[in-house]
Amino acid sequence: MAQCNINGVQILFPFQPYPVQEEYMKKVIECLKKKVNGILESPTGTGKTLSLLCSSLAWLESYKAQQQLNIIQHSSNEGAGILNDIKSVLSGLVGSWDSDSNFMVPRIIYSSRTHSQLSQAIQELKRSNYKHVKSVVLGSRDQLCLHPEVSKAPNHTAKVYMCRAKISSKTCPFYMNYEEKILSKAEYQDSSVLDIEDLVTLGKKNMVCPYYATRYLNSRADMIFTPYNYIIDPKSRRAHGIELQGNILIFDEAHNIEGALEESMSFQLRSYDLALCITEVTQTMEMIKDFDEKFSSSDTGAPDFTLTDLSILKVMFCELEDVMDKEAAEISNNDGSKPGDYMIEILSKVELTAQKKEVVLDLLDKVILYHSAKSDNPWTSKGTGLQKFSDLISVLFSRTSSGGYREHNFKKEFSAKYRIFLQYETTNKSQTTIDPWAIPAARSKKKPSWKLDCWCFSPELGMRDIVDRGVHSIILTSGTLSPLGPMINELGVSFPVQLENPHIIKDNQIFVGVVTCGPDGTPLNSSYQNRSNERYISSLGRTMCNFCRMIPDGLLVFFPSYSVMKSNVGFWEENGIWQSLSGLKPLFMEPQGKDAFQESIEKYYSVIKDPTSKGATLLAVCRGKVSEGLDFADENARAVIITGLPFPPSMDPRVKMKMNYLNNIAKEKKGLYGNDWYVLQASRAVNQAIGRVIRHKDDFGAILLCDNRFKDKRIQSQLSKWIQGRINVFDSFGPALKNLSSFFKSLDQLPRRTKQDSALGGFQIGSRVFNAESTQEAQGNTSVPGIRTGSSEVSENIFDSYKHLNTVGVSTSNMNKSSSIFDALDDQSQPSAAQASKPISLAKYNSSYFVNNDCDSHVPSTSEKANDSKRRKISVQLRQAVQPDDKKSVTEMWKSYLLEVKTLLGLTEQYGKFCSSVKDFKTSKNVENFAISLKSVFSAVPNKSKYLQTASLLVGVQDRDKFLALSI
Ligand code: SF4
């Protein structure tokens, strides 16, 4: 444990901090002492989270010491002289002191995007010297509810209201006396840091509701961990009882904060939602009617609203539906865009105004509670529609709660900062997110469905809402915030403290290459116009194959979007490239579903962890879960390939409107123009993805930017500062491959594993594992190279023996070990790192698809010559191989033959079939089947007799004529 003094504050750090960490902590202390905001960038792997926690908590402890002195001084005048002296020293350390908050200590609200990121921060806290600090992590009922019925409710709204009903009816055993139980259980008192899992475990053991436990523990915590949408979304903030005044707000992983702020102030209304509201109100009217008839004399369980209240609500919804249907009918006459204050105007037509919002919200709350509690049918919507409408009103009128509200200003603000878009939508789409059993009958099928989006384009609105609540300081931090200027401009509040830290690693730990073309010279460019170009997709696949051979362990490949990833994979599957890739390392794809995602990632990590594996390749998307916050330290990612620039969809109305909005305000605010913002969105997403590769000071890896647009200096200038000075641009493929190979060879740390092919097991798309059975079934029972079948084993082995070959196609290892093709196929010995990283030469094959896709055909002239001579030597060997005269030349002959066959057939289905035929013959000795099978394998090859004649050497002299007769 090291102790360091930063700006007068004593900070305990687990080790002597590095200069970048000291610089970072200095800035944190500066923010807290001066009570100002800070925006601090420090690349992933520089110990940002640990520095942030230690420095802020060290400052807080000093602050608390000063507060205790104030209390002592307040209660006694004795020793005032000494106390004054100490107090003046302390106030120099902790900064300005608020005279009217002498006894209030700020709390630190540490937020990040997801609970898994919060868990990582909590782990950092646990290994620091501040683990004694009382902390709590906030979660939702989705994660924390233990009630068997409530926890299975179909959605969050239903859980909230069902929980409230259970509490009011005293029927949740976990809620009963939960405060006393917490006070009496040492586990709750002694543990300073309780994360979600801890709370759930303790809750089950002690019959204490974890959700309400967090709310209780919140009151005594000095540090609160929470997802940042609980802070920026005013509804969530209220629901979780988060108090901002006087507290320190830390937003970690804040690179998406502008988008999250915009989202929290945006809302959507669909025709389906209104119809659902009408249905739910009608159902509640029915419930009340029954209740009045049966229990009119009793007060028990009586609703605290009347039929008249419900009638008013129903009329309002019906009128609103009418107004909106008429508006939607006009869509064909305009482009659907509406002025920013459109929604205020529409609601005023049904007499719903800011002045009435409290009354309406209160009534909606009561109706939702009643509806969700009294619905016996588990398939009913349980107030979902009404809740959505209630949220809409809360957001729309959120700024009218402050004392200085003026209707004129309110409308002006909406006109300036919102853009609205009304469009038709298909019925099926509109109903996908809500329980189909609850589809309201009230809406006529003849009426077209519509959707109204109210988009807030000013993150400033949400940021100001937070600042106006009197926070002590706001610290935004991430590994990828730069360029800082545009971000600060968009947020609209001042950030006097700023930092852009360099990376902690040395130059030899990172390789950054812009790869402008594939092995066949095809330009790599994933622009919208080019991304369907089959030649490009094929070249990109072959680029990946080549790099995959060089890269040890884990490889992450990022695509601009799911649709691009899926279409590329579809093409590669149809054309054999997918099989090649999966033969090199097991392949995983990032799925969109939450459960499937978790399963895939766990499998990826476990394959990487397997000491016998070759590593794995994970195909993912920029802005997806893999690119945001998952840890891929060390062998989990030795390289990141970026296959394109993930620009937002330019035809999306929201994107178009945002760009127009920025263009309109750019001049007056001197801010970003629409185009600048558009490019920035892509480079930020790229920065986030490439941030996966270096996770700590000893980590190393490569970043391969496989799109020629990365040559553009403007794009490069928006990449993270720490890679900008390290970018190598390659105008041809050979040098890129060579440099990448040299990079990995130069690293002493290169993992040296005992890799055996036997550990590899097929590949996976999402949760679907492609194994021998599934693939054979899908492909008409034909074996595929790289898939785990008898033949796949062979093909993998062939690949390894292929890797042993030196530049003239002759094996440099175990030459004397193999004496036949069977031995060559079975040879599982591992090449050295240097051998494994040699480029593999593939001769051109006349299949229409692979024409000009030779991996090395476009490397510079010296390599071309080397490869040409390699091919010539191979064919010479084959011609001479008819009567090999010793064991060594037999080995060479068969290895060369395998190489040539592999080169000839490419990594296709036919090559897999060839391997399995040889393997089968080894065990069955069935000459007839072997001949027929190889006949089919070489059927499309022009000079097939040459290959079949050589293959005939495998059968005995007595059967050779039979073999040749059947095969040629
Ligand atoms: S009190 Fe807790 S356990 Fe009970 S229903 Fe509510 S959230 Fe669930």
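Here, residue 1 is simply the first one shown, and the rest follow in order.
Each residue, glycine too, has its Cβ placed from N, Cα and C.
No curator has checked TrEMBL annotations; they are predicted automatically.
As annotated by TrEMBL, domain 'Helicase ATP-binding' applies to 7-299. Summarising the annotation, TrEMBL assigns [4Fe-4S] cluster binding site to C145, C163, C172, C209.
Sequence features, as recorded in TrEMBL, placed on the structure.
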residue: C145; record: [4Fe-4S] cluster binding site; DSSP (3 states): coil
residue: C163; record: [4Fe-4S] cluster binding site; DSSP (3 states): helix
residue: C172; record: [4Fe-4S] cluster binding site; DSSP (3 states): coil
residue: C209; record: [4Fe-4S] cluster binding site; DSSP (3 states): coil
- Note on the structure: Across the binding-site residues (C163, C172, C209), the Cβ with the fewest other Cβ atoms inside 10 Å is that of C172
- Sequence-distant neighbours of C145 ([4Fe-4S] cluster binding site) in its chain (C-beta under 8 A, six or more apart): S151, K159, C163, C209, P210, Y211
- Task: Could you name the residues, excluding C145, C163, C172, C209, of the same chain that surround the [4Fe-4S] cluster site, i.e. Cβ within 8 Å of the Cβ centre of those residues, in sequence order?
- Result: R141, L146, H147, V150, S151, K166, I167, F174, Y175, Y211, Y212
